[in-house]
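S.K.: Here's the feature list from Swiss-Prot:
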BINDING   H254, H286  heme b binding site
COMPBIAS  1-15  compositional bias 'Polar residues'
COMPBIAS  16-25  compositional bias 'Basic residues'
COMPBIAS  376-389  compositional bias 'Basic and acidic residues'
DOMAIN    196-347  domain 'Globin'
REGION    1-38  region 'Disordered'
REGION    96-123  region 'Disordered'
REGION    143-185  region 'Disordered'
REGION    367-389  region 'Disordered'
Amino acid sequence: MGNQSTKSTHGTTRVSHSKSAHHNSSRVTSDVIPRSASAISSHERFFSDSQSSSPPAVCPVSAPGKYRNFPGKDVPPICLTDEYNNSDDEVFCSTRTSKQSPLATGCPRQNLGSPGNRRSVDSTNSDLLEAVTPRSHISVKRTVSSGTEHAPDHANMQKSSSLKFTRPGVRSETKETTPSTSSNPTMFPCIHQFLHLTQPQILFVRKTWNHARNQGALEPAISIFRNSFFKNPEIRQMIMFGTKNEGHERLKKHAQLFTVLMDDLIANLDSPSATVAGLREAGEKHVWPTRNQYGCPFHAHLLDQFATAMIERTLEWGEKKDRTETTQRGWTKIVLFVTEQLKEGFQDEQKRARRIKAQIKTSAGSSSFEISTKTKQSDMKRFHTLDNM
């Protein structure tokens with residue numbers, strides 16, 4: 001009897017020891033594992049478990065009523081008591097390895113070989129994690145059960161200037177735009193923003209221009225206009241419109257204005273503060289109150305033919321030793337720049353004139369409507385006078 005009581009006592013002791021170990025393992029799961037363990041991927045955990053000599057002693061916590069399938073046996077889940085379920089230190093941590101099967105659900109076991117099945121298992125595991133673990137303890141950095149992390153697309157992310165976080169999917173689209181005076185007409189861009197001439201080009205351009213001016217004060221400009229007459233007869237018709245004296249006076253006036261513009265431009269080629277205001281204003285003057293004021297309307301494409309005539313004349317300026325490729329490139333840049341600025345001024349003035357005409361039409365229509373309403377009211381008042389009763 002003494003031996004039997006001893007055996008029973010030892011047996012009882014073993015049972016109680018196993019129960020305490022079982023209870024301690026559950027406490028280890030909830031107390032020993034730190035908060036950052038939920039952010040550790042399953043691959044890293046498996047690598048650390050494979051490096052250690054002993055197998056993992058902690059059994060994962062599963063959902064109530066769910067069993068996990070181990071090779072050769074079924075182990076019931078470890079359910080936390082109400083004390084741990086209601087505690088603030090509850091942390092969900094999965095200690096599954098690659099040798100263990102996924103969490104068993106109500107649906108039949110799926111084959112994990114295909115990517116579609118793996119995604120379905122991952123979705124069920126993530127749903128189970130949200131059901132068991134409080135939302136405040138779920139790590140922000142989530143990984144799928146395969147352990148792979150999807151790096152954010154840094155190429156398609158743009159940091160907001162007013163906010164501290166980044167907005168994914170917003171691509172920064174920066175476009176290099178040339179300065180425009182449509183938004184603010186009083187601000188004109190500088191010349192150096194458009195013309196990028198080298199010092200040798202500036203030197204040869206000034207030298208050839210002075211040589212052409214020595215032949216006559218207005219000779220370079222007059223030769224350019226006469227050459228443009230052969231490019232397009234409309235240019236000749238507009239400048240020489242009217243009597244012979246009127247045409248020559250108009251040609252002389254154009255040559256004087258063009259010479260002044262070219263003198264200012266060539267003198268300020270290397271000036272950082274020189275603007276294109278003079279060229280824009282010259283282009284604006286080609287918008288006339290009457291469309292056919294000088295025989296035919298002025299079009300912007302006529303300036304292209306004027307540029308061709310000017311380039312042909314620049315090749316003849318200067319001494320023969322100065323007519324180099326450097327000089328020709330410098331003059332070509334200047335001619336194209338001048339015609340482009342004249343076009344800009346002409347087109348801006350056209351838009352402004354159209355807006356003014358539209359406003360005049362609307363104001364005229366509203367005034368006529370007011371006049372008609374006033375006449376109707378006066379007729380009604382006269383109808384109720386004593387004379388008509």
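Backbone N, Cα and C atoms are what each Cβ position is placed from, and that goes for glycine too.
A quick note: this is a predicted structure, and the numbers were derived from the prediction, not measured.
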S.K.: Taking the Cβ of H286 (heme b binding site) as the centre, how many other Cβ atoms fall within a 10 Å radius?
M.R.: 18
S.K.: Mean pLDDT across the domain 'Globin' (196-347), rounded to an integer, is what?
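M.R.: Per the prediction, mean pLDDT sits at 92 for the domain 'Globin' (196-347).
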S.K.: Could you tally the C-beta atoms, other than its own, that fall within 10 angstroms of the C-beta of H254 (heme b binding site)?
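M.R.: That number is 17.
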